[in-house]
Structure formats: structure tokens, C-alpha cells
Amino acid sequence: MVDSQYYLPNDIGISALDCTEAFRLLSPREQLYAHYLSRSAWYGGLAVLLQTSPESASIFVLLQRLFRKQPPAQLGNVATAAGLSPEEYQAFLVYAAGLYANMGNYKSFGDTKFIPNLPKENLKALVWQSQAFQDSPSEMEALWDSCSTLLYSLEDKQKQLGLGDKGITTYFSGNCCLEDAELAQKFLDSKNLSAYNTRLFKKKSEGKSCYEVRLASAVQEGESAFFLLFLKCGRYNFEDRVFTVSRGDYDHLMKKVSENLEKAKDHAANENQKRMLEEYSRSFTFGSVEAHKEGSRFWIKDKGPIVESYIGFIESYRDPFGSRGEFEGFVAVVNKAMSECFAKLVSSAEVLLPELPWPKDFEKDRFLLPDFTSLDVLTFAGSGIPAGINIPNYDDIRQSEGFKNVSLGNVLAVAYATQKDKLTFLDEEDKDVYIKWKGPSFEVQVGLHELLGHGSGKLFVQDEKGTFNFEQDNVRNPETGEKITTWYKGNETWDSKFSTISCSYEECRAECVGLYLCLNKHVLSIFGHEGEDAEEVVYVNWLNMVRAGLLGLEFYTSESKSWRQAHMQARFVILRVLLEAGEGLVTLKESTGKDGRPDALITLDRSKIHTVGKGAIERFLCKLQVLKSTADVEGGRALYEGYSAVSDGGSHNFLCLRETVLQRKEARKMFVQANTRVKGDSVELVEYEGSAAGLICSFTERFADDSEEVEAHLLELNKRDAPCWTLESV
């Protein structure tokens, strides 16, 4: 890894998410509903600091205290007096904005650490001369001492997130390794407990390993005997170890989340929304994933709301084991025009699903038509903002009760705009086509990826009563022609079985569905693309995928031979599949750029997409689905890890190409989000400029009413677990 990978550049793209018109069109009641849901999401999002690294919460509080006393422009005068150059102060602002945007000091997309791009002594001088330090010198010095070493540390283990010696994680205590994660999963499965809202802490007692499985909840022990029993809290012997299930993780934050959900309930539009919020509140109060699942059922039933939202411990990308969810919450307003396109796609789903390249036995018995809406984001709290979402992630609900899809329109509008001079690894002719059609093609890909990618495919299950959801005697594996011999049993889920590869494997499957079905003329016409324009959309969608596969090498760590980002690993795998297809479909060549530095060129033969390309994706996609359906972990790992391998052998030196990609990488954009504020009987939308200073101001004002209380709680929660992050945790 080159040093620049650990800094955010001063010219990083920062854009404001525009939701002015969408919010203005809401009724006063809808605005209040959106406001309290947003407050709930923002408070819960602070838990991500505690889920990311031991130092993230302390750095957050340090920044909040600096900028609350002196906003960026005013603190800039202090920086000058302290001897910082304008470039150094801008680097500090960018670092602060990055920490807020990622909710921690590791990139949400790639899991790499980033540090301030200015000398440590210069940053310390700024802190010491700040108004915050003048007002509370002992507190500020203690804060600095608690995080400054790790803030700048780039020791090998601290360069990226990971488990054991592969990186940093706070989902597990510092003395846990992969074997501990696997044992804990077996224990959770035996008790029918989900890992989504848990963390694992290990210690030794009388020579025996003891584990604490801690559930996120507002209440701790001694409250609600019913829920203690229901959640199976208590002490257990399991495989000669002791497991204790406890509650109270992030307790202060979960209390704030629940309180604001209760306030939002007073402004709900219907009974489904009220019941949804009641169950969510119970989930965060008592630590019950079952209550969150029940809330998700009401959420699915809430069809076509004006204000859409979801909240909880959702995505497991950043758990090194792939089972624990990172907190996120979003609130958004429906974009009716674009939603009409997605509604047409939904209505065509039952016609399109049989087009997918696996036998009908491997598809869900019944496709439950979901909501699919385009949304303008008002609030997205967590470590990052995606382009689209397919939720809930609970397999049992998705298989039999349904799901929803959302495409985040105002994110798409600014996230993927590209300047020609920053567009790498394409020839000049392709660059012009790419810039023109990237937006429209990505809309199609997101729609197909979320609805028919994540929304398709059946899992073969034998339930606790021994009943199968498929015909054992009749269903055949299309790859071998043999009967099905493996399946999910009892409480096993996709995440628990495929663990460390589950996220990326599933993203790869969904991306392949998008590539495959975008070749369908009916799909393209739904989005308004006909004739030559439709072919341009197809070409750029496939071109974007193979280029993304090359760019994905940025997110591979050669030292540990591991991937740090699920989507980019998936795209690299697809690139490998399409290169392997041969016949000149994709070519990838190393070269020297006009600047004299190593470069590369990737090209795609558009005349072979519908033949060679389609055939390659068809075969690979069928394999992915069959292995997933049949819970064939061994076969799935062999296939996926084989294509994920990055080496200097074979026809392409991917390790050398990785260095080229790192030298020419472009930093991922950050987003500035508005705040809402109740004024009398109405809600005011407070917006900020698209800059590092604007992003910083949005966060200092976000918690203005109870900042000291929130910061004290964060530091208390951080201090409580501080001893757990060393390898010698006891």
C-alpha cells in the first residue's frame, strides 16, 4: 500500500444532497414524522463510532468540542496563529469531514484507515490554542491523550479493519480470532439467536474461555423478566466453554433512538407505521431482533408511503465474520416520476424471473411483489450512503413474506458524476460515451440488482420439524444432474453458513443478474431506452462493470491476501469471469501514461456482449445460485475464492496492476446532509454548503440541543470497553 491511501486528498469531492423541494411538498404532519425519524437515526448512527475502532468515539468528541466553540472559518484564524499553512488546515478540515462522513476513522467503502495529512505536532498546536482548550484545558488534554496515538498510528494491524492479526475490529474483543467467531455462531444458532445486534467479548476464567454475547439495548439486566427469558439472557455451558448472553450495549444511544421513535409514532400516517415503530422501539429497548423482524413485517405492509424509512442493525459488510449488523437509519421522500419506472419493473418481475439461468425449482415458489421506489434522501445515518437498498436482510421474511427495494435518486445524481480528465483506464472514445450514459445505465443496473438480484432465488431449507421446502426426490442439481444432498437446516441462514464470503458473494450474484437482464429489450424500454440508445446503455453498463473490476484492486490487501470491500471484490470476480471467457470480449493491457507513470487500458468488444458475454455470465450466475440454494459452502468458497485470488501469475499481473490502480485512484465523494429543526408547529429544513466546512457544521449543529450529554455518554461507553481491545483482554 502506498502512503496516499491513508490520507484523504484536499480536493476530495464533497456534495450537498438536495432534498429541498421534496421536503417542502410534505404536509406538516409528514414533516414532523420525518423529523423524529431523522433524530432517531442520527442518535443511533453514533453507535457506528463504537462499532468501528477503539479511538473513533474519542476523536468524534474532540472534533465536536473544537468546532462547537469555533466554527471552521473562525478556527482557521487560530490555525494560522498556531503556524499551520492553509494547506495543512484544509487537510485537517477534510480529515474531520471524513470522520463524520464515515462515522469513524476507517473508510466505510474499503475499510482502510485514514489519518490527518498534517504533522501531529501541528494538529496538537491547533488543539492547544483553540477556544475549547482555553475553556477546558484538562478535559481537552485528556481527550487528546486518549486518542492521538491511534489517530496517527499506521502499524500494520491498524491499517485496515479485520479480525485477529488481520486488522482492527470492535465487533469482537482484541483476543478473538476466527475460531472464536465460528464457535460463537454455533452457540447463537443453538439458541436461535441472531448475531445482527451483538458483539462478542472473550476472557479467561479459571483456565477456561468465557464469552459474553452482548445485545444492543437501552435496558440492561434486572428489567423485564419476560424479555430476559425471551432473549435467553443468562449463563450457559457450551462445548466446554461458558457463554453469557447480556444486554445494554450502546444503552444510552438506544434509549435516544427509542424515545424519538415514540415521538414519530404520534405523527404516523397509518396503523402499519404505528405498529412498525412500536416494534422497532421494543427492539432497541430490550435488544430483541425478533421484535425488529416483526417491525419489518409491518414495514413491508406499509405500501407506497410518502415518507419512507428503515432503521436498525442492518448490513454485515464490516463484521469480519459477516454476521453482525452495522447500525444505519434512513429517512427519505418518494420521487414519484422515477418510482413509476420501478413500479413497471416490479410488474414485469414475474415475466423476467423465468429468464434467469437456473431451473424453476431454484426460484422462490411465489414472487411477492415488493414496493420499489426512487427516494430523495433527507437523512442517512451510518458509515456511508449506498445507491440502492434491498431490505430486510432476514432470509425467512424475504423468502416467504417479501421485501422492499429503494433507489436513492438524489445520491445517484451527484455520486457518480465523473470529469473526463479524472476518468482512468479507458480510451478517449469510450470516455465520451461513458460520461454520457453512465447515469442512465447505472439506474438500470441498480434497479435490476436490487429487485431481481437480491430479490431472486430460493434457499433449500429443512425446518426444525424436518419438513423440506423443496421436493427432495425430484429436484436435480443442474450442474451435476444429481439429487440435492445439502441444504439449510433449522436456524441456519445464508449469513451464518457462508459467513466471511456471504456479503460479497451475494453482491456478485446481484450484479450478474443486472448484467444479464439489462440485455432484455423490455427492461430497457421500461426505463425509456430504445434502439441505439438502448445499446449504448447496455455497452456502458458492461464497460462500467469491467472497469470497476479493475478499480476494485484498490480494496485488496496483498499482505493479508484479503478483500476489504464486498461490492468491489464482486466486480473483480466478474472481471475475471469475463476475461476468462476469451474471444476478445474484454482486453486488459498494462501501459505507460502520458505522465510517464504506469497505466492500464481496458476495452470491451460491444459486438460480443450478447454472445460471448451473455454466455459467460449465464453459466457463472447459474453456478452461484445453485451453490447458494443448496448451502454448498465448500463448493461456494472454492468457486468464489478462486475468482477472487489476486496474483502476479497467469495472463494478467494483477498485483502489478493493483499498484497502478493505487497510484491513479480517485477518492470517493462525501455527502453533506441537511438537518431538521422544530420551530413551533412546523419543521425547518437547515441546509449546508457542499464543502468540508459545510459537512462539519452540519454535525456540530445536529446535536446542538444535548451535545454535552451525548458526548459524555459516548465517552462513558467507550471507556467501559477500552480494556477489551488489547490482545491480552481479560
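Positions of Cβ are set from backbone N, Cα and C atoms, glycine also.
Annotated features in TrEMBL:
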BINDING   His449, His454, Glu507  Zn(2+) binding site
ACT_SITE  Glu450  active site
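If you take the C-beta of His449 (Zn(2+) binding site) and look for same-chain residues 6 or more apart in sequence within under 8 angstroms, you find Gly388, Ala510, Glu511, Val513, Gly514. His454 (Zn(2+) binding site) counts 21 other C-beta atoms within 10 Å of its own C-beta, drawing on all protein chains shown.
The residue listed as 'active site' is surrounded by 28 other CB atoms, counting those within 10 A of its CB over all protein chains shown.
All protein chains considered, the CB of Glu507 (Zn(2+) binding site) has 22 other CB atoms within 10 Å.
Other than the site residues His449, His454, Glu507, same-chain residues with C-beta atoms no more than 8 angstroms from the centre of those residues' C-beta atoms, the Zn(2+) site, are Asn390, Glu450, Gly453, Glu506, Arg509, Ala510, Glu511, Val513, Gly514. Looking at Glu450 (active site) and Glu507 (Zn(2+) binding site), their Cα atoms lie 10 Å from each other.
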